[in-house]
Amino acid sequence: MADLPGIVVTGVSGRMGRMLARAVEESDRARLIGALERPGHDWIGQDLGTATGGAPLGVTVGDDPLEAFARAHAVLDFTAPEATVAFAEIAAQARLCHVIGTTGFDEAQLARIKAAARHATVIRAGNMSLGVNLLVQLTRRVAAALDADFDIEIVEAHHRHKVDAPSGTALMLGAAAAEGRGVHLSEAADRARDGMTGARARGAIGFHAVRGGDIVGEHEVLFAAEGERIALRHVATDRMIFARGALKAALWGQDQGPGEYDMVDVLGLSAA
Ligand SMILES: NC(=O)C1=CN([C@@H]2O[C@H](COP(=O)(O)OP(=O)(O)OC[C@H]3O[C@@H](n4cnc5c(N)ncnc54)[C@H](O)[C@@H]3O)[C@@H](O)[C@H]2O)C=CC1
Ligand SMILES: O=C(O)C1=N[C@H](C(=O)O)C[C@H](O)C1
């Protein structure tokens, strides 16, 4: 048991944090050795199991990443951009595997994660599910096969609490569509239509974000031409798909050197 990789979960009281802790607890290939929340959170100092209304787990929720990371092999981090960048710098000092599910980074934050990956094994993906990562590959292939007579629109739907848009997954799908078409997403993306927008620009890749209720995560890539449409769609109904993907990434990362990786690397999908 003590030989199994020790995992720390950050943001453990969050929607994903709870799933990540459960995925590690249910696994016979890893052990949960730390759980973090933001300073001042009610759960700090409590046993994680007790805090969630269950039996004690022997893991006390803390707020000190330096102490927790020093004991760990990997960190599963689905929190918020600023928190994740700070964790990346500590993970680099500790030479850890840092699995990042957080979305909504700006360019400066991504540059800091890239710098941290000189010393840490960073595995970052806006979506850790097998289905979405396959959808990304399919999107690239379909976009490469079609010309700009087919308009590309990406529609995503999430729960009312989500704070970033477009979703990380939508941006992954957009990047794949742009790559398939041989253009840069920054030049093709159309992220805000309102009022007298004029006709659709040929070659644009449109993004649309629906927010409501408890939707876990739905993504559709629409290729629309005169007389026909192709729709590629993924629907997540259970957040455990993301949590199990993140744990798989942490275990895969134990055999990798420092650098930046994604779920395509973990799942071996690059030739798909
Ligand atoms: N890549 C993927 O497969 C997925 C990514 N996500 C992303 O994960 C992130 C979190 O999503 P949710 O769990 O729904 O959000 P949430 O708001 O339920 O949870 C975030 C947690 O992080 C904690 N936190 C914030 N700052 C912290 C700090 N400095 N130290 C420790 N904990 C801190 C918060 O207190 C909260 O408990 C979002 O960016 C979301 O887009 C969500 C699902 C799947
Ligand atoms: O915030 C969420 O919930 C999700 N976020 C990720 C994203 O931004 O794409 C992944 C998933 O769709 C759920």
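In case you wondered, yes, glycine gets a Cβ from its N, Cα and C as well.
TrEMBL annotations: computationally assigned, not manually curated.
Per TrEMBL, the candidate among E37, E82, E153, E156 that belongs to the NAD(+) site alongside G11, V12, S13, G14, R15, M16, G101, T102, T103, A125, G126, N127, M128 is E37. Looking at R38, H158, K162, the recorded positions in this record, the fewest other C-beta atoms within 10 angstroms of the C-beta turn up around R38. There are 20 other Cβ atoms within 10 Å of the Cβ belonging to G168 ((S)-2,3,4,5-tetrahydrodipicolinate binding site).
Across the domain 'Dihydrodipicolinate reductase C-terminal' (131-267), DSSP assigns 52 helix, 38 strand, 47 coil. For A125 (NAD(+) binding site), the spatially nearest entry among the recorded positions R38, H158, H159, T169 is T169, judged by CA separation.
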